[in-house]
Amino acid sequence: MAKVLTIHGGVPLKGKVTVRGAKNLVPKAMVAALLGDSPSVLRNVPEIKDVAVVTSLLKIHGVTVSKDEVTGDLTMDPSGTKTATSNEIDTHAGDSRIPILFCGPLLHSLGEALIPNLGGCKIGDRPIDFHLDVLRHFGAEIDKAGPLGTSIRAPHGLTGAKISLPYPSVGATEQVLLTAVRAKGTTEVENAAIEPEILDLISLLQKMGAIITVGRDRVIRIIGVEKLNGYNHKALPDRNESASWASAALVTKGDIFVEGAAQRDLTAFLHTYRQIGGEFEVTDDGIRFFHPGGDLKPLILETDVHPGFMTDWQQPLVVALTQATGVSIIHETVYENRFGFTNALVEMGAKVQLHSECLGAIPCRFGQRNFQHSAVITGPTPLTGADVDIPDLRGGFSHLIAALAAEGTSHVTGIELINRGYEKFMDKLTDLGARVEMNEIA
Ligand SMILES: CC(=O)N[C@H]1[C@@H](OP(=O)(O)OP(=O)(O)OC[C@H]2O[C@@H](n3ccc(=O)[nH]c3=O)[C@H](O)[C@@H]2O)O[C@H](CO)[C@@H](O)[C@@H]1O
Ligand SMILES: C=C(OP(=O)(O)O)C(=O)O
């Protein structure tokens, strides 16, 4: 039975939501537990699909994962780590992007790793060439990278390496970290990503006994150690979920206190929010986001790696820009195909034109290659309810907040995708006063 969410729009979202540990850190912290020779404890764990997927992957590799019924904290004991069968691995094909990060830890423990084909949002090709090159630098052999997944071995162990990433990829940087901490000798990675979730992963690895320094100009150095212990760590809050609810407040002319939102990790977002005309108040417990009344202002924006404007913030913000007075331009420089979600916004009444040129100050990797990676948004345009099928996590959130702001009723399918990154999504919407009903259809 498929689910369809009916949304009656036009209600400002008001109230409080709580964000917990980041989707882009928690599953990776769980993978890091494989590196220890004693159990690890992870706190502030959200109930989202990627956590369920990694819990299952750890279990089929012999890791005991137990959850505290009251706090939700996870205790992961890797003492029984074993090779999983290809059938077990195959059950997770297409689920998430995290399995590729099992390579380093499994190669250290078992000398081999079998990785299912990856899932994640369909916002570009999302190749894994950087990951496989990184692993080869450490001495791993890629037996097979084909339709049934990737099989990797390290018959001679893994040795530290000097690596320069072609682009500051988040996943490839994490691949380096999770492999280098127990490799023989020293690793140096240039052009590394330094997103807050990566720095939190480094903190956690440091607790385990890893030797890591983050130097100038995105260079990270790691001295491998033979053994690591388990960690006890509280995951950093989800800055992407925080930014999503902030955009929801602006789009619906509402007022949302996001408990747990951390200003430190949202500097670029808060700057942009204020430029558009959104208001916020930072407290020790979170951030209140609200529409202060009056017109929203258009802007010109490029997504970028940290400390730039995060690509995952772009999609919900585009909905707010449909309500700004004037022309806004967004140049998406991280993914080549992240504007597909705007088709549904156009059906709802928005004016969005896509272009393959780089409409930004810096020409990016996608210029002259026929990727529609720049968007011109003209507002304000009233939005009306529509029937929408959610394409991906952030595009889906954008559709939902557009429907919440629109006049009339919308029907949304594919809502399950939202569970990848938004904990207790329906409860939060209801608590904020949204008029929504979930029904099942044959
Ligand atoms: C689970 C997780 O943490 N997901 C985040 C992570 O994704 P993820 O780690 O997959 O993103 P990357 O930073 O690796 O990707 C950035 C760019 O590099 C390219 N690339 C990446 C790897 C590779 O081997 N070859 C290659 O060409 C990608 O196609 C993309 O164009 O960082 C992205 C950028 O901040 C975020 O949008 C995602 O929410
Ligand atoms: C692109 C995203 O996630 P993933 O890398 O897990 O697909 C996202 O969170 O917006």
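From the backbone N, Cα and C atoms, a Cβ is placed for every residue, glycine too.
Site annotation for UDP-N-acetyl-alpha-D-glucosamine in TrEMBL covers Arg97, Val334, and the matching candidate from Asp73, Asp77, Asp312 is Asp312. Looking at the residues that bind UDP-N-acetyl-alpha-D-glucosamine per the record, Arg97, Asp312, Val334, the two CA atoms farthest apart are separated by 16 Å. Non-local neighbourhood of Arg97 (UDP-N-acetyl-alpha-D-glucosamine binding site): Leu118, Gly119, Gly120, Arg126, Gly171, each in the same chain, at least six residues away, with C-beta under 8 Å from its C-beta.
Taking the recorded positions Cys121, Val334 in turn, the residue surrounded by the fewest other Cβ atoms inside 10 Å of its Cβ turns out to be Cys121. Checking the recorded positions Arg97, Cys121, Asp312 against ligand 1 with a 6 Å cutoff on the Cβ atom leaves Arg97, Asp312, in sequence order. In the structure as shown, the Cβ atom of Asp312 (UDP-N-acetyl-alpha-D-glucosamine binding site) sits within 10 Å of 23 other Cβ atoms. Arg97, Cys121 are the recorded positions among Arg97, Cys121, Val334 whose C-beta comes within less than 6 Å of an atom of ligand 2, given in sequence order.
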